[in-house]
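K.L.:
Quick one: the structure is below, questions incoming.
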């Protein structure tokens, strides 16, 4: 990175300005910054201001505020900001006083995003940044948290930020790279845990990625590389915080299991407001997540050649209707049902089967194959012909819905064996408590839910259940009817019982069932994408789950994802102002109300320290 401006570089200057261009970029909004664009090499004298090179468009800082510009609280709600640029013994908080303690020996000064530097943590849970608990890091009614990361390790559960009682616990907030194609984040709030689990992403490809969560009191939104990828609107209220430290590159379950970042992290931020989609996109593009903080728009026109950003793209981008041929995952809307537990089996190693929406993680018992191909071009779990291989989820109130229920998932088998269990949470196979569903024979299914009046049960037959293909099986109970679905179609119904459910306090088992003592009913095949809801899904919603190449994060209100022509904005020219390095005389500065991409050495271009103050090669100017 090019050096910072020299101190006192003009005759008569006896002030110094202890702020780098990187700090100015990252702490935009920290002080009164007057957006007077000064051409190229800062031509002309202006004894009333100190100028800081900022990508060819240096800013004038009020001298009285310059000393605190990098450290004063920002006006846009930024309460914690670890740029991870330095090589010191602590990680400076550019927005406040919450510097982080560096634990272990992460590599500092490695190449970061947008030409800055970052911390590389490596494959050790001993390397991380710890920031002591502070009220500033516990926003009440709204919050945004995230940053940049880079990993190619392929490991699951790599934490970006955690400030929580435990991983996906009852207090605080956290976000991690769950698998090589999914993220996971949560914010604990008054009503419960708001959580997101977007998938179908390239998360572990070795490139830099930006991840951010926002909570506005009613919806938790996840962004990946500037785009919304998931939303949970099932919770509401103020944030319920933990008094544990904030960790960067480290997470835990509060006792013996650790989730470290085997990669690099840069530019971690916490805001006390919910950033807008435009704000998040601006952060991803390398801009400040706020309108330019100008107190006055005092223009100083010059005729010196300057690299002039093209302020208005020509021609104007025109939305063009482009057919979208395949269904894609869409964030859940406020009216969409949300599972209370969701095991995607996207892990490829280890012994944990993560619950993508809550804290009901399962443990892989025996030696099931976690890397087996799944139904949606991701991994599933292969259990084999042994009752010793299964997944066990400990009993919890979250997996015991009271009045209504939906449960099921995908399986594939061609073994021909009878009584292969998909899921069982019951006192015994088809007993007096709980719920279960299994592949009864090569041509039939069987399922039950124990309720107040007795046992509601279904037993559809005449089906191709053991043909070696993936099949979707689902049960719903609405208080009066138990309905069985096979590949999205209703195949049986029992309306003989009524009332709330009667639950067992035994564990939930995936790929395993028993009669309560010595007989076992295992799944000799594969299982994928198992879900549990505390409501009865409609036929259309079950059909939506069973259709398409990729399921939505939660079932949408649209009955079936179909290939429809979706208007897609296809600009005929780029809609992003593109800096051009041509020598274009300009006499009229433009006062811009929104930040624009900054061409300088921070972004791989020429800036201060190489070609003068403004990024223009003096030998090419005239």
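Glycine is treated like the rest: Cβ placed from N, Cα and C.
Since this is a predicted model, take the numbers as computed values, not measurements.
Pulled the feature table from TrEMBL, pasting it below:
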COMPBIAS  289-303  compositional bias 'Low complexity'
COMPBIAS  304-330  compositional bias 'Pro residues'
COMPBIAS  548-595  compositional bias 'Low complexity'
DOMAIN    141-278  domain 'LamG-like jellyroll fold'
DOMAIN    403-540  domain 'LamG-like jellyroll fold'
REGION    289-342  region 'Disordered'
REGION    544-622  region 'Disordered'
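Mind mapping these onto the model and telling me what they sit next to?
P.N.:
According to DSSP, the domain 'LamG-like jellyroll fold' (403-540) comprises 2 helix, 74 strand, 62 coil.
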K.L.:
What is the three-state DSSP composition of the domain 'LamG-like jellyroll fold' (141-278), stated as helix, strand and coil residue counts?
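P.N.:
Going through the domain 'LamG-like jellyroll fold' (141-278) residue by residue, I get 2 helix, 73 strand, 63 coil.
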K.L.:
Could you please provide the mean pLDDT value for the domain 'LamG-like jellyroll fold' (403-540)?
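P.N.:
The answer is 93, the mean pLDDT of the model over that range.
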